[in-house]
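Database features (Swiss-Prot):
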type: SIGNAL; residues: 1-22; note: signal peptide
type: TOPO_DOM; residues: 23-301; note: topological domain 'Extracellular'
type: REGION; residues: 23-110; note: region 'Alpha-1'
type: CARBOHYD; residues: Asn59; note: N-linked glycosylation site
type: CARBOHYD; residues: Asn107; note: N-linked glycosylation site
type: REGION; residues: 111-201; note: region 'Alpha-2'
type: REGION; residues: 202-292; note: region 'Alpha-3'
type: DOMAIN; residues: 204-293; note: domain 'Ig-like C1-type'
type: REGION; residues: 293-301; note: region 'Connecting peptide'
type: TRANSMEM; residues: 302-324; note: transmembrane segment
type: TOPO_DOM; residues: 325-345; note: topological domain 'Cytoplasmic'
Amino acid sequence: MGPCGALGLGLLLAAVCGAAAPELHTLRYIQTAMTDPGPGQPWFVTVGYVDGELFVHYNSTARRYVPRTEWIAAKADQQYWDGQTQIGQGNEQIDRENLGILQRRYNQTGGSHTVQWMYGCDILEGGPIRGYYQMAYDGRDFTAFDKGTMTFTAAVPEAVPTKRKWEEESEPERWKNYLEETCVEWLRRYVEYGKAELGRRERPEVRVWGKEADGILTLSCRAHGFYPRPIVVSWLKDGAVRGQDAHSGGIVPNGDGTYHTWVTIDAQPGDGDKYQCRVEHASLPQPGLYSWEPPQPNLVPIVAGVAVAIVAIAIMVGVGFIIYRRHAGKKGKGYNIAPGSNPAI
C-alpha cells in the first residue's frame, strides 16, 4: 500500500519538497493528531504528497482516504481506496492512544497537544534513494529513524522508552523495508500515474532587487511561476553559498497551479556586486545565476532641464530676431525713394 500500516509512536512536520533536480521524485505522508483541534475541525488528519503536490487526504471526520488530484482518481481502483482507508483508520486509533501515552509521560493533565509524523522517500534516477521517518510532539523533535544504523534516535528523555520499545519489537527492520522497498515501489507507480501532470515543467521568472535602509542593503531574489514545486534558491557571495545569512519566504502556490518563492539577504551597501542569486529547478538545464544591478542615476530631470533651457534660448532668439526685423523695417521707410521721382544726377 502507499502509506505504511498502523504506526507506533513517532515526527516533526518537515518540508514536503526535496532538493531540486531534473529527475528527483518525492513521496511524503504527513500525519497530525490533536487533542484540541478547534470547533468543527477533525482531530486527526493525514495528507500525502507526490513531488510536492497534494494527491490524497484522510481525516477523522470523513474516515476515508479521498483523491486530491485527477490522475490518482482516474488510475486508482476501489480496492486501493479501501486499503488506504483501512490503514488511515488504524493509524487514527493508534494516535488516539499515543496522545494519551504522551500526556501521561509528560505529566500533562489537559491543554492542547499535537503529535506529528512525517515519513516517505526520495528517488533520484541514477542516484541514491533516501527515506525518512520522524516524529514530533508539541512542535518539538521527539524521535527519528536512522536507516544507516538501524536505530531510533531519542531527541528528548521522554522518547527513550519509545526508542527501546520499537527496537525490541523489530520496528527498524519493518521501517527499513518500507522506506527502501514499499515506498519506492509506490512512488514509481504514482509518478507513472501522474506523468502527464508531474512531468510538466514551467521555468521560473527570476527578479533581483535591492533596498538600502539604515546602512544595510537588503537584496531580494524572487522566483515566480515555476512548476514542479521543488526548487532551491540561494544567495552566493564571491561564489560561496551564504545559507545561514539568508531568509526564505517558503514555497507558495499561485492560483494557476504554479509556485513562487523568495529569499533575502542583508549586505553592506558597497558589496552588492559581490552577490548573486542562484536558482536550481527541474525546468532549467543548469542552475541560473542572477546579479543585482544598482539603479542608474535618474537622468530624466537633467535631460528635461537641458531641453527646457534649449527651448527657452530658442524662444529668446526668435523673439529677438522678430524685434530686430521690426526695428530695421521702420528705419528703411525714411530712406525710400518717392514713387515717380527722378534719380539724382
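Numbering starts at 1 and runs along the chain as displayed.
Using the three backbone atoms N, Cα and C, a Cβ is placed for every residue, glycine included.
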Indicate the candidate from Asn59, Asn107 with the smallest number of other Cβ atoms within 10 Å of its Cβ, considering only these glycosylation sites.
Asn107
Secondary structure of Asn107 (N-linked glycosylation site) (DSSP, helix/strand/coil):
coil
In this predicted model, what is the average pLDDT of the topological domain 'Cytoplasmic' (325-345)?
42
Counting by DSSP secondary structure, give me helix, strand and coil numbers for the domain 'Ig-like C1-type' (204-293).
6 helix, 58 strand, 26 coil
Just to verify a number: CA distance, Asn107 (N-linked glycosylation site) to Asn59 (N-linked glycosylation site), in angstrom, no decimals.
28
